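Trainee: My questions all concern the structure below.
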Amino acid sequence: MATPVQASTVIRVKPHHYIHVLDNNTNVTRVEVGPQTFTRQDHERVLNPTPLPMILIPPRQYCIIENPIIRDKEGKLVVDKFNQPKLRHGDQEIRFSQDPFPLYPGEVVIAQPVPLQVIQTNSALRLKCLRDFVEVKADKTTVSHIAGDEWLFEGPGTYYPRVEVQVVEPVRAVIIKENQALKLRARLSFVDRRDVVRQVGEEWLVRESGAYLPGVSEEIVGFIQALVLTDRIAYQLLATRSFTDSFGKVRKAGEEWIITQKDCDTYIPDVNEKVIRDIKAITLTNRQYCIVENPIDPKTGKNKLGHKELLQGDRTFFLMPGESLVKGIQNVNVLSEDEALLLSAKEEFVEKKGTTTIVHKPGDLWMIYGPCDYIPPIQVDVVERRKRIPLDVNEGIYVRDIKTGKVRSVHGSSYMLLPNEERWAKPLAPIVEELLKKSASRDQNEEHNESDRDSTKVITYRVPHNAAVQIFDYRKKEARVVFGPELVMLEPDEEFTVLSLSGKIPKRPNHIRSLALFLGPDFMTDLITVETADHARLSLKLSYNWHFKVEQDNPSKLFATSDFTGDLCKATGSLVRAAVAASTFDNFHKHSSDIIQQAVFGSTDGSSNDCLYFETNGLVITNIDVQSVEPVDQRTLDSLQKSVQLAIEITTKSQEATARQEAERLEQMARGELERQKIIDEAKNEESRSKLVQLQAQSAAVESTGQAVAEARARAEAAIIEAESEIKQARLSTRAIEIEALSEIENLKAKHIVEIQHIKSLNNLELIKAKESATIETTKFENYVEALGSDTIKSIAQAPEETKAKLLAGLGLKSFMITDGKSPLNLFDTANGLIADAQRSEVDEE
């Protein structure tokens, strides 16, 4: 409250103004309302320095007063025993549009007048009761509200606030579109607009399209979009709890079903339904089929577990819950003439073929041969699709009978496996597999065949020329040898004999693996170390020429030893070592080849043999070549090098002395020859000098007589040249005159030709002009005659002569002739004659 200020004792209070006056005697404050002139008493004090305006609330507005005064039922103020208005301290009062009113002492305006809130259509205010009160509605009905209650004030309308009610928030209606539903949840137990009792946490859908204003006990969960169903798409649903669906069918918790376009075009899942997945339609053509596992029983609507159903095209369907396709959609088995199907019975069933019936037991195998179409029934499993195998003469396959286990090979013609047969894969050792991929030749640069081998085909091997292959039959316990060139085909119980030969220099065991044994002739090289009688260690590099001697009665003898190269090198090496050990280094160094050949080949009757023959496998060594001999010991090698160097120096010095003597001898011979040549040259020089003197004398004589002859000859030649030049000049002048005359003639000819053509053109123009003039005159005359008419001409003819002349002159005729009709004139021929005469005269002028 403002501090009172003492002013004038007379205060003029205007209309709609007021002042607070304090009575100091009673300490009571009263209100004085204008218009009036207030005279303050001595015991009174005005609390306001100036009169205050009354509170004015415009229409459709309100304000809030704190600590309002108390009025009785008649609207009068209630005062206490001190004659002071009673206040509701701590309370508030909302006052609406009314006459201006003053504020009594203790009243406070919390909020200035504000407009009332207008609630639009599809809108509402969420209200909350702060304390208990009874609301009287417009229809005189009363509603009791308890503190904590919430309700909606729905539009359209104007909301008049109350101090007992709190506006929580504005609420707007939610628009539900077509093919859409609003999902709601109950915040507490209540009865909705459809008089349905809703429990706390219960959810439901509002499917009607349009505006929906959620209630105060309803919570919006979200929107549910409708599922669009087509002839190609369906949806699988799951019941989360037992309920009755929108089609009136009772669904139990956990039950699954599908909804298709036959049920409805669009479907909004209920709150008790869960969309598991969308299902696409399965379409079968007339060339397709499928097997459905656990099909739905149409009577009970449940899956027949463990059962299967065969479906064939043309048809379109959806898989029901619990159903599945075995191996998906399958095409009809179309068999050509060279194809067949191997079938197996999974259970016992009876197959009807025409009038006959065949009982198949579980595990039975049989085949269906083409050409035909075949759809296997449920009891039949297609084991494999077989095709007739084309085989050439040099091709084959291994076939095993699954009943007896016997394996055989089929060659030379196309073959279709029987129901109890299968292709057998022949196992081979890895080394044999690797050798089969390699070429049979010994060319190291030749490419290998890296493609994988079909182990069910008969194994073939091309034996190269001059080679042999041994094949062992384990069932018959015998071997056969094939000589090349030949193609080997292995039977099921046969295996190749793999040769493991020593290779490289020096020889290493098992370095060369091969299926074919080359018969030679060929050579091999080895490096061995020997020791002489005087303990000199030497390294020998030997080459052997060898070949096999084949015995036709016993060809397996060739493969008696698995490593003939190692055996050969060991045998010859031991012989060479023994022979070298009995010889000194100097002797062996001089006669190494003879010693080695004698040691290896031996001798008979005092003469050395020419070969070494191995009885075990028929190997023959025909020659030994010593390629190099090198000492192994460094000291021996150094002494050998020194001796060689000394021998080289001695030989070099002797050659130098011989060359020096020969050079001196040649030098002496060259000097003698040079002196002799000098003498001969001097004699020839004197002879040439005498000839020169004679020639000089002759030239002096000729010089004296030849000058006069030369001058006379020159003058004669000059005269001849001058005469010839004059003749040539005369000829050229004549030729020039002739050329000028010819050119002038040509110019005249060209000029005359041009003039003649010009005159002809003028004459032609004159002729054309004359012809056209004659034509014009003739036409003009005909037009005159036609214009005059026959009657007019007749009148002119009958007129006097003078009159005729005037009339004809008036027609523009310069000359005319009038005759009778009995003697006509041909004027056209006359004109032609005149024109012809003119043409003849022009030609004559030309």
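Glycine too: its Cβ is placed from the backbone N, Cα and C atoms.
Quick paste of what Swiss-Prot says about this protein:
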MOD_RES   A2  N-acetylalanine
REPEAT    2-60  repeat 'MVP 1'
REPEAT    116-172  repeat 'MVP 3'
REPEAT    173-225  repeat 'MVP 4'
REPEAT    333-388  repeat 'MVP 7'
REPEAT    459-521  repeat 'MVP 9'
Trainee: Averaged over the repeat 'MVP 4' (173-225), what pLDDT does the predicted model reach?
Mentor: 91
Trainee: For a three-state summary based on DSSP, what are the helix, strand and coil counts in the repeat 'MVP 7' (333-388)?
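Mentor: Computed counts for the repeat 'MVP 7' (333-388) are 0 helix, 36 strand, 20 coil.
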Trainee: Which residue counts does DSSP give the repeat 'MVP 3' (116-172) for helix, strand and coil?
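Mentor: The counts are 0 helix, 34 strand, 23 coil.
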Trainee: Is it possible to list how many residues within the repeat 'MVP 9' (459-521) are helical, extended or coil according to DSSP?
Mentor: 0 helix, 38 strand, 25 coil
